[in-house]
Amino acid sequence: MTQFSFDLHNTDGKARTGIIHTPRGDIRTPAFMPVGTAATVKAMLPENVRATGADILLGNTYHLMLRPSAERIANLGGLHKFMNWERPILTDSGGFQVMSLSDLRKMSEQGVTFKSHIDGSLHEITPERSMEIQRLLGSDIVMCFDECTPHPAPEDVAQKSMRMSMRWAQRSRDAFGDRPGHAIFGIQQGSVFKDQREESAEALKAIGFEGYAVGGLAVGEGQETMFQVLDYAPDMLPADKPRYLMGVGKPDDLVGGVKRGIDMFDCVLPSRSGRTGQIFTRHGVLNIKNARHKDDPRPLDESCTCPACRSYSRAYLHHVFKAQEIIASMLMTWHNLHYYQELMAGMRDAIAAGTFDHFKSQFHAQRAQGDIEPL
Ligand SMILES: [Zn+2]
């Protein structure tokens with residue numbers, strides 16, 4: 001059986017391209033993972049998500065444990081079978097969404113207890129329970145249970161939080177056990193404090209993981225601060241393992257992250273924006289709601305090969321969005337995911353060719369032009 005492994009193929013500056021091998025298929029890096037929160041990437045069939053170029057999806061432990069429950073999914077053959085996605089799945093630990101969505105009851109060294117945002121029922125997640133849930137789901141890449149330190153956090157608060165997450169990382173690794181073909185990733189914390197990021201990286205390396213995430217970013221600190229942390233944080237993690245920036249981001253965040261040595265990203269932005277009419281193209285962002293599109297027979301982007309651009313006009317997309325037709329979410333989500341995957345493919349090719357800096361300046365130059373002129 002194929003084991004979980006990572007081959008680094010090319011580097012260009014700090015940017016890297018390679019392949020993560022798993023028994024469920026290869027993941028080309030840098031990779032963008034669409035988010036399938038409730039066992040679906042909203043408005044998309046799994047085969048369509050694959051057609052955009054996605055090698056891996058992200059599933060949310062918090063949502064799935066509450067509904068329909070990890071045990072039910074396990075009894076039905078695991079998450080891959082349940083949602084009809086046979087390729088790799090990464091699951092988060094549930095920690096972040098407990099903090100952001102639930103009515104948190106108590107956090108202690110043991111773990112967190114909280115009330116479900118769906119029906120108010122009481123639940124507990126510990127590092128051990130998070131590992132059990134992710135195993136029941138059948139996740140290929142399991143994330144350590146940690147506390148995502150809020151931003152801003154005073155230095156002593158961030159340090160206390162990071163150190164607890166490192167103890168939880170050890171408990172997560174222990175509970176994960178030995179599962180050939182599956183991987184567990186550690187998560188670096190330490191907020192915006194370089195010495196804490198270093199301490200966290202050392203603690204994780206001492207435990208040993210198949211991959212490492214940079215956590216605690218994209219929590220409201222802004223792109224400039226995020227890039228400042230990314231100027232040093234990924235370098236502290238092992239070069240021969242995948243590095244994953246959690247919950248990021250906008251297209252320019254991805255390009256800036258890859259430049260700083262990140263290999264994997266996930267974000268709800270392209271899929272969520274597809275449902276709210278926000279469209280990403282190489283020329284930046286456009287809003288399909290705007291009246292300027294009402295009579296425009298041109299596609300969102302004439303160079304895009306997605307179904308929304310091949311067969312439909314801006315005028316049509318504007319109309320179905322205004323009329324709240326389901327096809328609006330389908331087409332615009334497809335386009336956004338397609339754009340994101342094309343962006344990743346472009347970066348992979350540029351890194352392999354040693355032309356990443358040129359790619360990056362072209363990317364910014366095209367965006368600076370803005371959307372095509374109204375008719
Ligand atoms: Zn398109």
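Every residue gets a Cβ built from N, Cα and C, even glycine.
Per TrEMBL, Zn(2+) is bound by CYS304, CYS306, CYS309; the candidate from HIS182, HIS335, HIS358, HIS364 named for the same site is HIS335.
TrEMBL names ASP92, SER93, GLY94, GLY95, PHE96, ASP146, GLN189 for binding substrate. Of GLY120, GLY216, GLY220, the residue it gives for the same site is GLY216.
Within the listed segments 247-253, 289-295, 296-302, TrEMBL records region 'RNA binding' for the stretch 247-253. Distances between the Cα of HIS335 (Zn(2+) binding site) and those of the binding-site residues GLY95, PHE96, ASP146, GLN189 are shortest for PHE96.
Cα-Cα distance from SER93 (substrate binding site) to ASP266 (active site, nucleophile): 14 Å (rounded to the nearest whole number). Secondary structure from DSSP puts HIS335 (Zn(2+) binding site) in a helix.
The CA atom of ASP92 (substrate binding site) is located 10 Å away from the CA atom of ASP266 (active site, nucleophile).
Taken together, the residues of the domain 'tRNA-guanine(15) transglycosylase-like' (14-368) have an average pLDDT of 97.
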